Structures are given as C-alpha cells and as structure tokens.
Amino acid sequence: MSDLKQKKWHRIQWYSDSDTKQERRLIFKIDALIIPYAVLSYWVKYIDQSNLNNAYVAGLKEDLGFFGNELVHLQTFYVIGAVVGQLPFMFLFTYVPMYWLIPILDVAWGIFTLLQYRTKSYAELAAYRFLVGWFEAAFFPAMHYVFGSWYRGDEIGRRGGVFYVGLSLGTLTAGFIQAGASARLDGIRGLAGWRWMYIICALITIPIGILGYFVIPGTPDQPNRKVLKQSDIDIGRKRLERSGHRSHGKFKLSTLRHILLKKQFWGIIFVDVLFWNAGVHASTGTFLLWIKSLNRYTPAHVNELGTIAPGLGIFYTLFICFASDLVLGPAWAITVAHIWNSIGLIILVIWRVPDSALWFAFSTIYSSAAMSSVFHGWVNTQLRSSPAERSFTLVLINAISQSSTAWTPLLVFPTIEVPRFRKGFAFCLSCAVSLIVATHILEAYVRRVE
C-alpha cells in the first residue's frame, strides 16, 4: 500500500529519503499552501455542522418549543443536503478548478450558517440545515482529491491526519463558542446566546472561504498559477508519475461502467458505510445530551465539558494517521482506531456502570473518526492511475455512506431515548467490529490484484 518501506518509530520524518532538494522544496510549498487552509476550513465546517447540538442544549430547544425528535430530524435534514449536494461533483472535480470550487462553497455555507440566527420555527431551521449541508457536501472529498493530486501513498496519511484535526477542533471550538455566547452575549440586542453563536460562526467562516481562492494550489492538471510556477507543476507531475500516479484525465460516461464493474469499488463502499455508522454516536450529540441529562451543570458548563471528547480526538487522529504512514499501514491503523472505539461502545452498551466509566466511554467516541484520512488516503493510492476514477469514487463513497446516516439515527438514536440509546450504541459496536473484519478482507483483495 505504501510506496516506501515502513520505518522504525525512531526514524520518523516528514519527507522521504528518496525526494530530491527540488521535490522537498515543492512539497514544503504545497504543505504550506494546502494544510493550514485545509485545517482552517475543516475547523469551520465542523463548527457549522456541530453547532446545532450546542445550540440545542443552550436554549434553542426551549426557545423554539421542541418537545420530541426534532433534533435528530434536523440532523437528518443536514445529512440529506450533504448527500444530494455531493452528486454533481462526481463529474465536476476533473472540470472545475479546485481553487474556484472550494472557496465558493465555503462562502455559501457561511451565509446559510449566518441566517440560522434569525430562525423562528422548526421548518425554517430545517431549510437552513439542508442548505448548509448542500454547500458543505463536496468539501471533504474535494480536499482529499487535491491531496491525492500532489502526495504519494506513503505521505498522504499524515498530511490528511493534520487536515482531519479540523474536525475535532471544530466540534471542540463550537462548544467553547456556545459556552462564551451563553455566558456573555445572552440577551445582548435582544438575542439569545445560541443565536449569537451562529453570527460568530459565520463571521469566522466567510473570510476563510475567500482566503481559499488565494492559497489553494489546485491540481497539476488545473493549477492555481497565482501560487505555483510551471517548474513546480512539472516537478509535481514527475514525482507522482514515478509512483504510478496520473495527473491527467477527465471523467466520461464510459468511465462509469469500468468503475462499477470492479469488485474493489464495492469493497471500498462497504468499508466506508461501516466507518460512517461505527461513529454515528459522535455526530448525534450523545455526549452532550448525556451531560445535560445529569442536571448538574449550567448550559455554558455543559458545552465546556462537551469539548473533552473532541479534544482527545485530536490526539487520536494524529496518532492513527502518523502510525499508518510510518509504522502500521492503513489496515492495521484502522484496526487500532476501532478497537479503542469498540472498548468505549461496550461500556455504553452495558450502561449500568459508575459515572466515571461513562465519562471514559464517551471520551473514546472520536477514535471512530480518527481513521478517516487513513482510509481516504488509501483509496487515493489504490486509484492513483486514474484521476477520473479517484474523483468519482471519493465523491460516491462519501455520498452513499453519508446517506446511510440520514436514516440510521432515526431508527437507533431517537432523541426521546436520551440519554441511554440501547439500540444506537449496540448498532455502532456491531459496525465497528464488522469494519475491522471488512478492512482486512479489502486489504487482502487489493494485495492480490496489485
């Protein structure tokens, strides 16, 4: 799976020994352009995605008169928007420059994040959540498509891992923003603290979206010449060609039949569906809802305590992604992540344990997401010979997998069952165990066909 031999832990380094000085200079430049922007953008994406959960426990529920399963329904509207919004981009990634596409989407979701501050009804909020999901939809596969256009298989995991830290930072920061808004802005200019949170989030999101136009390097086929010289592009193409990567190729309908007939494609989808559902207990706000159910803390303190899990998620993500590139390889890195996830889920399934055990169990939930960049980097590497195949597969696996989380929470995480989701935690545990098995089956198949 890796282009280079795995190294001893004490020889961990950021660049490869085989890179020339010119190649290292280029990779440093690409790192400096892509990674800070990717982290910032993913940070605000997850602030804007997860702020609904923070607003819900900080007064939105009471102000809008929610009394049933409105929260899980609103989460589903977001997922539906995110799934539908991804579909056009299976074809657009190889045609539209990424330094245009990603910033436009960033700014658009920032606008609809802002509009949520004025919501007065469930229907209005549902519409905004759908549109935020629609415009956020392509961001994740788009960034991985850009990563796969510049990085080899042995270096993409740790770059993607730093990028994925934005998820945990976003969820963590949303908690702090809501805690601060509840404590200091509640009632200012007649607005509740949770409404101020949406204003603050939008003021962060929109400028970062505009910044993307000036820093995203694009791809070797459609480069951003404001930041890259022709010599940079030539070096980038040549170093990837040595590893079997291709930088040219547009998506055509004839490509579709070739992709759909490959067993590997369906194996990748199956693993990704299990991945999304093995971590759905994190995205449905179970930790925050449990803390609120204890009736011991103010809304601000609930949101502050809710940052514990995503804070630990930063460590989980970096550990798993660096371990994948440098020590374990993708399949075993995924295994380690979901063994830890399974330990926490076993405790949550049992439930009748001391509170300290539940705090520990909820602190493991972001290990479920730690493998994401490992997996998507692995997909990029498997499909390195065809940009069109990479584009289609990265978008479609994300769309299909995310679409499954539009309905599974409705069945296994109904809000009225707070705080103990018997069906939900058992479902996630079964997905985590199945994921470990499916990952090793996929690895064996890929080794055989390559």
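The backbone N, Cα and C atoms fix where each Cβ goes, and this holds for glycine too.
Quick look at what TrEMBL lists:
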{"type": "TRANSMEM", "residues": "26-44", "note": "transmembrane segment"}
{"type": "TRANSMEM", "residues": "72-93", "note": "transmembrane segment"}
{"type": "TRANSMEM", "residues": "100-119", "note": "transmembrane segment"}
{"type": "TRANSMEM", "residues": "131-150", "note": "transmembrane segment"}
{"type": "TRANSMEM", "residues": "162-181", "note": "transmembrane segment"}
{"type": "TRANSMEM", "residues": "196-216", "note": "transmembrane segment"}
{"type": "TRANSMEM", "residues": "265-290", "note": "transmembrane segment"}
{"type": "TRANSMEM", "residues": "305-324", "note": "transmembrane segment"}
{"type": "TRANSMEM", "residues": "331-351", "note": "transmembrane segment"}
{"type": "TRANSMEM", "residues": "357-379", "note": "transmembrane segment"}
{"type": "TRANSMEM", "residues": "391-412", "note": "transmembrane segment"}
{"type": "TRANSMEM", "residues": "424-446", "note": "transmembrane segment"}
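By the Cβ criterion (under 8 Å, sequence separation of 6 or more), the transmembrane segment (305-324) is not in contact with the transmembrane segment (100-119), since fewer than 3 such pairs are found. A Cβ distance under 8 Å defines the sequence-distant neighbours of the transmembrane segment (196-216), meaning residues of its chain 6+ beyond its ends; these are 33-34, 36-37, 40-41, 44, 47-48, 51, 54-55, 58, 98-100, 102-107, 109-111, 113-117, 146, 174, 177-178, 181, 185-186, 188, 224, 226-227. Here the transmembrane segment (265-290) has Cβ contacts under 8 Å with residues 50, 53-54, 56-57, 71-72, 75, 175, 259, 302-303, 306, 308-309, 338, 341, 345, 348, 358, 362, 365-366, 368-369, 371-372, 375, 379, 382, 393, 396-398, 400-402, 404-405, 408-409, 413, 415, 418-419, 421, 424-425, 427-428, 431-432, 434-435, 438-439, 441-442, 445 of the same chain, all six or more residues outside its ends. The stretch with the most CB contacts under 8 Å to the transmembrane segment (162-181), chosen from 26-44, 72-93, 357-379, 391-412, 424-446, is 26-44.
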